[in-house]
Amino acid sequence: MKFILARHGETQANIAKIYSGWSNYELTEKGTSQIKILAEELRGYNCDFIYASPLGRTMETAREISKTIGKKIIVDKNLREMNFGVFEGKTADEIQRIYPKEWDTWLREYQSYRIPEGESLQDVLDRAKILIDSLKDQEGTAIIVSHSGVIQSVLTDLLNLELNKMWHFTCPPAGYIEIDYINNFGYLRKLVPSYI
């Protein structure tokens, strides 16, 4: 399977550096332009499937890709961003001020620490792997439209890396990562930033 891990376009939350998680934030004007370019870029792949998180920013991105390449979208709730619980809708400064103990614990134990009313990074990977594992041994190309936390954690899984290595990779808004998964091994082919 060839995986194309594509991130949604820029949102107001990205600009404000807000932990948006499961909250819906609309794409900015720049984000709307970015997804048009992303969709054109992905036209070059012979895509078999488009899977997307149900959140608004990813659905808007997936709809643009779907319209451009002519494939239907399969919505999968397991591709949602991390549920940031009580951190949701706040900046890092606000979280540190309101929840200093929880913030410090999360920074030290981000893989396993469940944010109050939210989830841990391991929870995110575990649910995303349900879809990813079902596709690994299939033939074809799957575009996965999701969020940075999901993309980075899935990338470590596909490359057989420890989850804490996710910070070595980035996928900016409307960027994408191409991975060929062959014989239980992931090959990183491209990391493509957004074009604007």
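Glycine too: its Cβ is placed from the backbone N, Cα and C atoms.
Annotation comment: TrEMBL describes His8 as active site, tele-phosphohistidine intermediate. Cβ-based neighbour count (10 Å, all protein chains) for His8 (active site, tele-phosphohistidine intermediate) stands at 29.
Secondary structure from DSSP puts Glu81 (active site, proton donor/acceptor) in coil. Sequence annotations record features per position, and here TrEMBL assigns active site, proton donor/acceptor to Glu81.
According to DSSP, Ala13 (substrate binding site) sits within a helical segment. If you look up TrEMBL, you'll see Arg7, His8, Gly9, Glu10, Thr11, Gln12, Ala13, Asn14, Arg57 marked as substrate binding site.
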To test your reading of the substrate site: which residues beyond Arg7, His8, Gly9, Glu10, Thr11, Gln12, Ala13, Asn14, Arg57, same chain only, put their Cβ within 8 Å of the Cβ centroid of those residues?
Ser20, Tyr25, Leu27, Thr28, Gly31, Pro173
Alpha-carbon distance [Glu81 (active site, proton donor/acceptor); Arg57 (substrate binding site)] in Å:
11
If I take the alpha carbons of Arg7 (substrate binding site) and Glu81 (active site, proton donor/acceptor), what is the distance between them in whole Å?
11
Please identify, among the recorded positions His8, Gly9, Thr11, Ala13, the one with the smallest Cα-Cα distance to Glu81 (active site, proton donor/acceptor).
His8
